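A quick write-up on the structure given underneath.
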Protein chains: 2
Amino acid sequence: MEKKLAEALQQLKASDIRITPQRQAVLEFLINSHAHPTADDIYKGLVDKFPGMSVATVYNNLRLFTKIGFVQEMAYGDASSRFDFSSQKHYHAICESCGKIVDTYYPGLDDVETAAEQLTGFKINEHRMELYGICPDCQ
Amino acid sequence: MEKKLAEALQQLKASDIRITPQRQAVLEFLINSHAHPTADDIYKGLVDKFPGMSVATVYNNLRLFTKIGFVQEMAYGDASSRFDFSSQKHYHAICESCGKIVDTYYPGLDDVETAAEQLTGFKINEHRMELYGICPDCQ
DNA sequence: GTACCTGCAAAACGTTTGCAGACAC
DNA sequence: GTGTCTGCAAACGTTTTGCAGGTAC
(Lines of atoms letter the chains of each structure in order from A and count residues from 1; the text may use other names and numbers.)
(Lines give C-alpha, C1' and ligand atoms only; values in the text may rest on other atoms or scores of the structure.)
Protein backbone atom coordinates (compact mmCIF):
# COMPACT_ATOMS: atom_id res chain seq x y z
CA MET A 1 0.00 0.00 0.00
CA GLU A 2 2.72 2.42 1.02
CA LYS A 3 4.50 1.30 -2.07
CA LYS A 4 1.70 2.49 -4.31
CA LEU A 5 1.70 5.85 -2.60
CA ALA A 6 5.45 6.26 -2.95
CA GLU A 7 5.28 5.31 -6.60
CA ALA A 8 2.49 7.75 -7.20
CA LEU A 9 4.31 10.57 -5.43
CA GLN A 10 7.41 9.88 -7.47
CA GLN A 11 5.39 10.07 -10.65
CA LEU A 12 3.95 13.38 -9.53
CA LYS A 13 7.39 14.74 -8.80
CA ALA A 14 8.61 13.59 -12.20
CA SER A 15 5.72 15.45 -13.83
CA ASP A 16 6.54 18.69 -11.98
CA ILE A 17 3.34 18.55 -10.01
CA ARG A 18 3.65 19.97 -6.51
CA ILE A 19 3.08 17.66 -3.62
CA THR A 20 0.95 19.61 -1.20
CA PRO A 21 -0.27 18.05 2.04
CA GLN A 22 -3.86 18.15 0.81
CA ARG A 23 -2.98 16.59 -2.52
CA GLN A 24 -1.10 13.80 -0.84
CA ALA A 25 -3.98 13.24 1.56
CA VAL A 26 -6.51 12.91 -1.25
CA LEU A 27 -4.23 10.47 -3.03
CA GLU A 28 -3.69 8.47 0.13
CA PHE A 29 -7.40 8.35 0.79
CA LEU A 30 -8.06 7.01 -2.68
CA ILE A 31 -5.36 4.37 -2.44
CA ASN A 32 -6.47 3.15 0.96
CA SER A 33 -10.18 3.25 0.22
CA HIS A 34 -11.82 0.16 -1.15
CA ALA A 35 -15.25 1.75 -1.21
CA HIS A 36 -15.16 3.81 -4.42
CA PRO A 37 -15.67 7.10 -2.60
CA THR A 38 -17.47 10.16 -3.89
CA ALA A 39 -15.84 13.57 -3.82
CA ASP A 40 -17.87 14.33 -0.73
CA ASP A 41 -16.74 11.11 0.98
CA ILE A 42 -13.17 12.20 0.46
CA TYR A 43 -13.87 15.69 1.69
CA LYS A 44 -15.63 14.41 4.81
CA GLY A 45 -12.83 11.95 5.43
CA LEU A 46 -10.13 14.60 5.31
CA VAL A 47 -11.76 17.65 6.84
CA ASP A 48 -10.88 16.42 10.35
CA LYS A 49 -7.21 16.24 9.56
CA PHE A 50 -7.30 19.42 7.46
CA PRO A 51 -9.70 21.81 9.19
CA GLY A 52 -9.65 24.41 6.42
CA MET A 53 -10.06 21.85 3.63
CA SER A 54 -12.21 22.94 0.70
CA VAL A 55 -14.34 20.80 -1.60
CA ALA A 56 -12.81 22.73 -4.48
CA THR A 57 -9.43 21.30 -3.58
CA VAL A 58 -10.82 17.79 -3.62
CA TYR A 59 -12.35 18.35 -7.03
CA ASN A 60 -9.20 20.02 -8.33
CA ASN A 61 -7.11 17.05 -7.37
CA LEU A 62 -9.60 14.48 -8.54
CA ARG A 63 -9.62 16.12 -11.94
CA LEU A 64 -5.84 16.20 -11.99
CA PHE A 65 -5.55 12.56 -10.94
CA THR A 66 -8.09 11.55 -13.54
CA LYS A 67 -6.21 13.42 -16.25
CA ILE A 68 -2.89 11.76 -15.46
CA GLY A 69 -4.57 8.38 -15.15
CA PHE A 70 -4.25 7.72 -11.41
CA VAL A 71 -7.95 7.36 -10.89
CA GLN A 72 -11.06 6.60 -12.91
CA GLU A 73 -14.25 8.56 -12.61
CA MET A 74 -17.38 6.44 -12.47
CA ALA A 75 -20.67 8.18 -13.17
CA TYR A 76 -23.30 5.49 -12.89
CA GLY A 77 -26.77 6.89 -12.65
CA ASP A 78 -26.32 7.97 -9.05
CA ALA A 79 -26.30 11.62 -8.17
CA SER A 80 -22.57 11.95 -7.67
CA SER A 81 -19.54 10.46 -9.35
CA ARG A 82 -17.39 7.91 -7.62
CA PHE A 83 -13.64 7.66 -7.95
CA ASP A 84 -11.56 4.55 -8.23
CA PHE A 85 -7.82 4.26 -7.83
CA SER A 86 -7.38 1.77 -10.64
CA SER A 87 -4.24 -0.27 -10.24
CA GLN A 88 -5.43 -3.20 -12.27
CA LYS A 89 -8.19 -3.77 -14.77
CA HIS A 90 -11.47 -4.81 -13.25
CA TYR A 91 -15.21 -4.43 -13.59
CA HIS A 92 -17.88 -3.24 -11.22
CA ALA A 93 -20.79 -5.16 -9.79
CA ILE A 94 -23.42 -2.71 -8.61
CA CYS A 95 -26.21 -3.61 -6.22
CA GLU A 96 -29.56 -2.32 -7.47
CA SER A 97 -30.91 -2.40 -3.96
CA CYS A 98 -28.30 -0.73 -1.74
CA GLY A 99 -25.96 0.80 -4.32
CA LYS A 100 -22.88 -1.04 -3.11
CA ILE A 101 -20.13 -1.42 -5.69
CA VAL A 102 -17.86 -4.45 -5.67
CA ASP A 103 -14.87 -5.07 -7.88
CA THR A 104 -14.91 -8.15 -10.02
CA TYR A 105 -12.44 -9.63 -12.47
CA TYR A 106 -12.84 -11.38 -15.78
CA PRO A 107 -10.13 -12.06 -18.27
CA GLY A 108 -10.06 -11.94 -22.02
CA LEU A 109 -12.59 -9.41 -23.11
CA ASP A 110 -10.16 -7.73 -25.44
CA ASP A 111 -11.71 -9.28 -28.50
CA VAL A 112 -14.79 -7.20 -27.79
CA GLU A 113 -12.69 -4.15 -28.52
CA THR A 114 -11.46 -5.41 -31.87
CA ALA A 115 -14.98 -6.50 -32.77
CA ALA A 116 -16.30 -3.06 -31.94
CA GLU A 117 -13.55 -1.43 -33.97
CA GLN A 118 -14.62 -3.38 -37.03
CA LEU A 119 -18.27 -2.60 -36.47
CA THR A 120 -18.01 1.09 -35.74
CA GLY A 121 -14.75 2.24 -37.27
CA PHE A 122 -13.74 3.58 -33.86
CA LYS A 123 -10.19 3.26 -32.60
CA ILE A 124 -10.97 1.76 -29.18
CA ASN A 125 -8.67 2.57 -26.28
CA GLU A 126 -10.42 0.94 -23.37
CA HIS A 127 -13.70 -0.47 -22.19
CA ARG A 128 -15.65 -0.55 -18.98
CA MET A 129 -18.38 -2.84 -17.82
CA GLU A 130 -20.91 -2.71 -15.06
CA LEU A 131 -22.90 -5.68 -13.82
CA TYR A 132 -26.21 -4.87 -12.17
CA GLY A 133 -27.84 -7.15 -9.68
CA ILE A 134 -28.51 -7.83 -6.02
CA CYS A 135 -25.65 -8.22 -3.56
CA PRO A 136 -25.47 -11.06 -1.02
CA ASP A 137 -26.52 -8.79 1.85
CA CYS A 138 -29.66 -7.65 0.08
CA GLN A 139 -30.78 -11.00 -1.27
CA MET B 1 -41.20 2.28 -36.02
CA GLU B 2 -44.94 2.89 -35.65
CA LYS B 3 -45.14 -0.68 -34.54
CA LYS B 4 -42.86 -0.04 -31.59
CA LEU B 5 -44.90 2.95 -30.56
CA ALA B 6 -48.15 1.04 -30.75
CA GLU B 7 -46.68 -1.80 -28.73
CA ALA B 8 -45.40 0.60 -26.12
CA LEU B 9 -48.73 2.39 -25.86
CA GLN B 10 -50.49 -0.90 -25.45
CA GLN B 11 -48.14 -1.85 -22.65
CA LEU B 12 -48.81 1.46 -20.95
CA LYS B 13 -52.54 0.92 -21.21
CA ALA B 14 -52.18 -2.56 -19.80
CA SER B 15 -50.28 -1.12 -16.83
CA ASP B 16 -53.00 1.46 -16.14
CA ILE B 17 -50.72 4.32 -17.04
CA ARG B 18 -52.47 7.24 -18.64
CA ILE B 19 -51.58 8.14 -22.17
CA THR B 20 -51.33 11.91 -22.19
CA PRO B 21 -50.32 13.79 -25.32
CA GLN B 22 -47.05 14.87 -23.70
CA ARG B 23 -46.24 11.36 -22.53
CA GLN B 24 -46.86 9.95 -25.97
CA ALA B 25 -44.74 12.70 -27.52
CA VAL B 26 -41.79 11.96 -25.23
CA LEU B 27 -42.08 8.27 -26.03
CA GLU B 28 -42.31 8.95 -29.75
CA PHE B 29 -39.28 11.21 -29.60
CA LEU B 30 -37.25 8.52 -27.86
CA ILE B 31 -38.29 5.82 -30.31
CA ASN B 32 -37.54 7.93 -33.37
CA SER B 33 -34.30 9.38 -32.07
CA HIS B 34 -31.09 7.57 -32.81
CA ALA B 35 -28.96 10.16 -31.08
CA HIS B 36 -29.29 9.19 -27.40
CA PRO B 37 -30.92 12.48 -26.43
CA THR B 38 -30.61 14.29 -23.13
CA ALA B 39 -33.67 15.43 -21.21
CA ASP B 40 -33.07 18.91 -22.55
CA ASP B 41 -32.85 17.63 -26.14
CA ILE B 42 -36.26 16.08 -25.71
CA TYR B 43 -37.68 19.19 -24.12
CA LYS B 44 -36.32 21.42 -26.90
CA GLY B 45 -37.61 19.01 -29.52
CA LEU B 46 -41.13 19.03 -28.15
CA VAL B 47 -41.65 22.56 -26.91
CA ASP B 48 -42.61 23.73 -30.40
CA LYS B 49 -45.43 21.23 -30.66
CA PHE B 50 -46.39 21.67 -26.99
CA PRO B 51 -45.96 25.37 -26.18
CA GLY B 52 -46.62 24.99 -22.46
CA MET B 53 -44.39 21.95 -22.09
CA SER B 54 -42.41 21.75 -18.86
CA VAL B 55 -39.03 20.15 -18.25
CA ALA B 56 -40.53 18.56 -15.17
CA THR B 57 -42.89 16.62 -17.39
CA VAL B 58 -40.00 15.35 -19.48
CA TYR B 59 -38.18 14.21 -16.35
CA ASN B 60 -41.33 12.69 -14.87
CA ASN B 61 -41.87 10.59 -17.95
CA LEU B 62 -38.24 9.64 -18.38
CA ARG B 63 -38.23 8.36 -14.82
CA LEU B 64 -41.43 6.44 -15.44
CA PHE B 65 -40.14 4.94 -18.69
CA THR B 66 -36.89 3.98 -17.01
CA LYS B 67 -38.75 2.29 -14.17
CA ILE B 68 -40.92 0.18 -16.47
CA GLY B 69 -37.91 -0.64 -18.63
CA PHE B 70 -38.76 1.26 -21.83
CA VAL B 71 -35.58 3.28 -21.74
CA GLN B 72 -32.15 3.12 -20.20
CA GLU B 73 -30.50 6.04 -18.51
CA MET B 74 -26.86 6.54 -19.42
CA ALA B 75 -24.80 8.74 -17.13
CA TYR B 76 -21.34 8.71 -18.60
CA GLY B 77 -19.23 11.44 -17.10
CA ASP B 78 -20.91 14.19 -19.11
CA ALA B 79 -22.92 16.85 -17.37
CA SER B 80 -26.32 15.44 -18.27
CA SER B 81 -27.75 11.96 -18.61
CA ARG B 82 -28.70 10.55 -21.97
CA PHE B 83 -31.65 8.28 -22.59
CA ASP B 84 -31.82 5.30 -24.86
CA PHE B 85 -34.92 3.49 -26.06
CA SER B 86 -33.47 0.00 -25.78
CA SER B 87 -35.24 -2.45 -28.00
CA GLN B 88 -32.39 -4.90 -28.23
CA LYS B 89 -29.26 -5.50 -26.23
CA HIS B 90 -26.31 -3.46 -27.36
CA TYR B 91 -23.26 -1.63 -26.10
CA HIS B 92 -22.06 1.91 -26.53
CA ALA B 93 -18.93 3.15 -28.23
CA ILE B 94 -18.13 6.62 -26.95
CA CYS B 95 -15.78 9.01 -28.72
CA GLU B 96 -13.33 10.55 -26.27
CA SER B 97 -12.84 13.49 -28.60
CA CYS B 98 -16.31 14.64 -29.65
CA GLY B 99 -18.53 12.70 -27.24
CA LYS B 100 -20.51 10.95 -29.95
CA ILE B 101 -22.16 7.70 -28.87
CA VAL B 102 -22.61 4.86 -31.34
CA ASP B 103 -24.41 1.60 -30.75
CA THR B 104 -22.47 -1.59 -31.23
CA TYR B 105 -23.34 -5.23 -30.90
CA TYR B 106 -21.47 -8.24 -29.59
CA PRO B 107 -22.95 -11.60 -28.77
CA GLY B 108 -22.25 -14.05 -26.03
CA LEU B 109 -21.15 -12.05 -23.05
CA ASP B 110 -23.59 -13.78 -20.76
CA ASP B 111 -20.92 -15.98 -19.24
CA VAL B 112 -19.42 -12.84 -17.75
CA GLU B 113 -22.54 -12.57 -15.65
CA THR B 114 -22.31 -16.09 -14.30
CA ALA B 115 -18.60 -15.63 -13.65
CA ALA B 116 -19.30 -12.46 -11.72
CA GLU B 117 -22.02 -14.18 -9.74
CA GLN B 118 -19.56 -16.80 -8.58
CA LEU B 119 -16.93 -14.24 -7.73
CA THR B 120 -19.08 -11.74 -5.90
CA GLY B 121 -22.11 -13.66 -4.68
CA PHE B 122 -24.31 -11.12 -6.47
CA LYS B 123 -27.44 -12.20 -8.32
CA ILE B 124 -26.72 -10.44 -11.62
CA ASN B 125 -29.65 -9.17 -13.68
CA GLU B 126 -27.97 -7.32 -16.49
CA HIS B 127 -24.74 -5.77 -17.59
CA ARG B 128 -23.68 -2.76 -19.58
CA MET B 129 -20.48 -1.99 -21.36
CA GLU B 130 -18.96 1.13 -22.78
CA LEU B 131 -16.08 1.20 -25.22
CA TYR B 132 -13.99 4.36 -25.21
CA GLY B 133 -12.00 5.47 -28.22
CA ILE B 134 -11.84 7.82 -31.18
CA CYS B 135 -14.59 7.84 -33.78
CA PRO B 136 -13.88 7.76 -37.52
CA ASP B 137 -14.66 11.48 -37.91
CA CYS B 138 -12.16 12.48 -35.23
CA GLN B 139 -9.33 10.19 -36.21
C1' DG C 1 -65.81 12.08 -10.32
C1' DT C 2 -61.31 10.82 -9.15
C1' DA C 3 -56.79 9.90 -9.25
C1' DC C 4 -53.14 10.96 -11.86
C1' DC C 5 -50.66 14.18 -14.66
C1' DT C 6 -49.06 18.72 -16.06
C1' DG C 7 -46.93 23.31 -15.62
C1' DC C 8 -44.78 26.57 -12.96
C1' DA C 9 -41.43 28.26 -9.90
C1' DA C 10 -38.38 27.59 -6.43
C1' DA C 11 -35.12 24.70 -4.38
C1' DA C 12 -31.69 21.15 -4.06
C1' DC C 13 -27.74 19.02 -5.47
C1' DG C 14 -23.11 18.15 -7.25
C1' DT C 15 -19.67 20.54 -9.50
C1' DT C 16 -17.12 24.57 -11.36
C1' DT C 17 -15.26 29.12 -11.24
C1' DG C 18 -12.90 33.67 -9.89
C1' DC C 19 -10.09 35.65 -6.96
C1' DA C 20 -6.91 36.77 -3.14
C1' DG C 21 -3.71 34.97 -0.23
C1' DA C 22 -0.48 31.06 0.91
C1' DC C 23 3.06 27.91 0.12
C1' DA C 24 6.08 24.22 -2.44
C1' DC C 25 9.88 24.41 -4.89
C1' DG D 1 10.89 34.74 -5.71
C1' DT D 2 7.67 32.57 -8.76
C1' DG D 3 4.07 30.06 -10.29
C1' DT D 4 1.00 26.91 -8.63
C1' DC D 5 -2.26 25.48 -5.18
C1' DT D 6 -5.57 26.39 -1.64
C1' DG D 7 -9.82 28.18 0.54
C1' DC D 8 -13.77 30.75 0.23
C1' DA D 9 -18.02 32.02 -1.71
C1' DA D 10 -20.72 32.71 -5.41
C1' DA D 11 -22.33 30.80 -9.77
C1' DC D 12 -23.62 27.22 -12.79
C1' DG D 13 -26.41 23.47 -15.00
C1' DT D 14 -29.09 19.53 -14.21
C1' DT D 15 -32.58 17.42 -11.77
C1' DT D 16 -36.15 17.35 -8.11
C1' DT D 17 -39.90 19.09 -5.49
C1' DG D 18 -44.48 21.25 -3.87
C1' DC D 19 -48.50 22.75 -5.14
C1' DA D 20 -52.58 24.26 -7.75
C1' DG D 21 -55.14 23.45 -11.65
C1' DG D 22 -56.31 20.34 -15.53
C1' DT D 23 -57.44 16.13 -17.91
C1' DA D 24 -57.64 10.97 -19.18
C1' DC D 25 -60.28 7.48 -17.94
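Even glycines carry a Cβ here, placed using N, Cα and C.
What TrEMBL says about a protein is an automatic prediction, not a curated fact.
Lifted from TrEMBL, the feature list:
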type    : residues                             : note
BINDING : B:CYS95, B:CYS98, B:CYS135, B:CYS138 : Zn(2+) binding site
BINDING : B:HIS127                             : Fe cation binding site
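Of all the binding-site residues given, namely B:CYS95, B:CYS98, B:CYS135, B:CYS138, the one with the smallest number of surrounding CB atoms inside 10 A is B:CYS98. Closeness to chain A is evaluated for the binding-site residues B:CYS95, B:CYS135, B:CYS138 by Cβ distance, with values under 8 Å counted; counted residues in sequence order are B:CYS95, B:CYS135.
Checking each of the binding-site residues B:CYS95, B:CYS98, B:CYS135, B:CYS138 against the residue listed as 'Fe cation binding site' by C-alpha distance, the shortest gap belongs to B:CYS95. Over all protein chains present, the Cβ of the residue listed as 'Fe cation binding site' has 21 other Cβ atoms lying within 10 Å. Taken residue by residue with DSSP, B:CYS138 (Zn(2+) binding site) is part of a helix.
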